[in-house]
Amino acid sequence: MKKNIINTWYSFVNIPNVIVPDIEKEIRRMENGARSSFSDDDGDDDSASMFEESENETPHARDSCRNNSQRRDPSQREQYLPGAIALFNVNNSSNKEQEPKEKKKKKKEKKSKSGDKNENKKDSEKKKKKEKEKEKKNKEEKGKDKKEEEKKEVMVIDPAGNMYYNWLFCITLPVMYNWTMVIARACFDELQSDYLEYWIIFDYLSDIVYLLDMFVRTRTGYLEQGLLVREEAKLIEKYKSNLQFKLDFLSVIPTDLLYFKLGWNYPEIRLNRLLRISRMFEFFQRTETRTNYPNIFRISNLVMYIVIIIHWNACVYFSISKAIGFGNDTWVYPDVNDPEFGRLARKYVYSLYWSTLTLTTIGETPPPVRDSEYVFVVVDFLIGVLIFATIVGNIGSMISNMNAARAEFQARIDAIKQYMHFRNVSKDMEKRVIKWFDYLWTNKKTVDEKEVLKYLPDKLRAEIAINVHLDTLKKVRIFADCEAGLLVELVLKLQPQVYSPGDYICKKGDIGREMYIIKEGKLAVVADDGITQFVVLSDGSYFGEISILNIKGSKAGNRRTANIKSIGYSDLFCLSKDDLMEALTEYPDAKTMLEEKGKQILMKDGLLDINIANAGSDPKDLEEKVTRMEGSVDLLQTRFARILAEYESMQQKLKQRLTKVERFLKPIIDTEFSALEGTGDESRPLDSTQD
């Protein structure tokens, strides 16, 4: 179509000059339409180039048309006018045909653009949906992971917690019930038959507790590298691999089914329930560590063991008497047909009495008659000697441990009494010393804290000291804003001290080497006469903090400025100057801050000479630094001398070892060389003969 338009254009240019100006306008309009059509068609390069050539020719053609149209006559115009009109109609019709195509293209382009927009929207919506689905999947996966973790990490009982300890108490009750009542019911028939309903209830309640105990064991954590294991599989595996699982399993075997075959008069079929005794021992052990009266608990525990052994021995004695026959001889239990000995209570009490006399060997019992009776009595005597000797020895050691602290304290008092008597100390002084010791004992202050805490690691010792003393140390003004590390260092250096009534903690003019914090008691700031009181210091007060800082410019120097006296018995914490300076060596900023605070306090009290304080460094400080450097140099020299001596000794030892090795290897080397020389001499004549 484009080529047709161009051909018509060329033909139109060659038409004689009969075309009117209106036709020229139409031609221009057609030209513009052709250009737009050519610009829309990207693939037809040839048509575009042809159109460009025609475009270059059009100005000349248009000018020629105008000139010719002006020259030609109207008759000529009329002659050529029908052809031009026909040509114009052809071109116009082609242009009209082209216009709907262009509109269609534009519509298609609009549709394609709108379609692209819709597709982009759909793609973005799809992406959003996919992202939402991924988020949902991630949430579901996280929820599954959490559920799996919850399944794996089930509720675990801490073996060091109160819940586990309370459960041990619950399981101890059925264990003690079985250990006392099963043997008694098996030996005393009336006890089993008269109270059968109660025994059935108690038996199966204890069985339920036993089963629950096995479940609790599978939920009881254990420490692995200091961390509590909470995984269910590991807990179950740990329990199953233990010997206690086998004993627990044997203890819950339903042996009660034998009741249907043997009858209800055989409670001894439940003897497997006694295998759970380890839980009772564990409960006693944990109670001993928890109680504040361990010695009393140990004694009561031993008494309980004695009673259980006597109880078992009494039951065995009664069963042996039943097997031999009641009343057949003087050793066995009397005839039960006698109303006096037919009651259940009398049977048990008589057997218990006989067992106690036999095992403790403190009374006379009827002599045995039969061989079986002799054997039983001999076994009882051996058990009594071995067990009760051990028990009595333990009780004796417990009692001695209970009195060990008192005996040690009394030994100190006796030693001081002997010393005062030897030195002829006055009676008043002796009374004061004895009263002071009585105060320490009654208030339980005889314990040496360092001796008690020396077995703990440094971390635990520091935590205990922080819990006990940190709040007290923070009350001191100069330590209020100090670093936590410095406070911990100072807390570990606090020393407890006790003063009796009338004791002077410090006097005016004394050199201040310590500062004091009042823990308990009252102190008075008194005049020189020791009677007039200016101020009374109570719990939480402190004094002497300025003197240990040795602040330059202090008018008092490091001297005490007041007399402080104890009114009653007073407990103080003491911090020495050396300990403070040792701690401040690692905290130079804190040292500067403490000195500034001390200067401010002295300025408020008017005890600071500003000129001296603002002066340069004190020569004394320089001397102290020089002495410290000299000491460090001396220390390095001694270390160097020691290392040099060790080096020389090692060198001497190496020389000695080398000489020994040379002496040992020299004959061997000589023999080897001689052998080599001999072989060389033999080979020479052989070579000559061959030549």
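In case you wondered, yes, glycine gets a Cβ from its N, Cα and C as well.
Swiss-Prot annotations:
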{"type": "TOPO_DOM", "residues": "1-168", "note": "topological domain 'Cytoplasmic'"}
{"type": "COMPBIAS", "residues": "39-56", "note": "compositional bias 'Acidic residues'"}
{"type": "TRANSMEM", "residues": "169-190", "note": "transmembrane segment"}
{"type": "TOPO_DOM", "residues": "191-200", "note": "topological domain 'Extracellular'"}
{"type": "TRANSMEM", "residues": "201-221", "note": "transmembrane segment"}
{"type": "TOPO_DOM", "residues": "222-246", "note": "topological domain 'Cytoplasmic'"}
{"type": "TRANSMEM", "residues": "247-265", "note": "transmembrane segment"}
{"type": "TOPO_DOM", "residues": "266-270", "note": "topological domain 'Extracellular'"}
{"type": "TRANSMEM", "residues": "271-289", "note": "transmembrane segment"}
{"type": "TOPO_DOM", "residues": "290-296", "note": "topological domain 'Cytoplasmic'"}
{"type": "TRANSMEM", "residues": "297-320", "note": "transmembrane segment"}
{"type": "TOPO_DOM", "residues": "321-343", "note": "topological domain 'Extracellular'"}
{"type": "TRANSMEM", "residues": "344-378", "note": "transmembrane segment"}
{"type": "REGION", "residues": "361-364", "note": "region 'Selectivity filter'"}
{"type": "TRANSMEM", "residues": "379-403", "note": "transmembrane segment"}
{"type": "SITE", "residues": "Phe388", "note": "site 'Central gate'"}
{"type": "SITE", "residues": "Val392", "note": "site 'Central gate'"}
{"type": "TOPO_DOM", "residues": "404-691", "note": "topological domain 'Cytoplasmic'"}
{"type": "REGION", "residues": "404-480", "note": "region 'C-linker'"}
{"type": "REGION", "residues": "484-604", "note": "region 'Cyclic nucleotide-binding domain'"}
{"type": "COILED", "residues": "622-676", "note": "coiled coil"}
Neighbouring C-beta atoms (10 Å sphere around the C-beta of Val392 (site 'Central gate')): 12
Val392 (site 'Central gate'): secondary structure state under DSSP, collapsed to three categories: helix
Need a quick answer: max count of Cβ pairs under 8 Å to the transmembrane segment (379-403), which of 169-190, 201-221, 271-289, 297-320 is it? 297-320
What stretch, picked from 169-190, 201-221, 344-378, has the most CB pairs under 8 A with the transmembrane segment (271-289)? 169-190
By DSSP assignment, list the helix, strand and coil residue numbers for the topological domain 'Extracellular' (266-270), in that order. 4 helix, 0 strand, 1 coil
List every residue in the same chain as Phe388 (site 'Central gate'), at least 6 positions away in sequence, whose Cβ is under 8 Å from its Cβ. Ile306, Leu359, Thr360
Mind looking up the mean pLDDT for the coiled coil (622-676) in the predicted model? 86
Close approaches to the topological domain 'Extracellular' (266-270) from elsewhere in its chain (Cβ under 8 angstroms; 6 or more beyond its ends): 178, 182-183, 185-186, 192, 199, 203, 255-256, 258-259
Using a Cβ cut-off of under 8 Å, list the residues of the same chain at least 6 residues beyond the transmembrane segment (169-190) that approach it. 199, 202, 205-206, 209-210, 213, 265-268, 270-271, 273-274, 276-277, 279-280, 283, 308, 311-312, 315-316, 318-319, 322, 344, 347-348
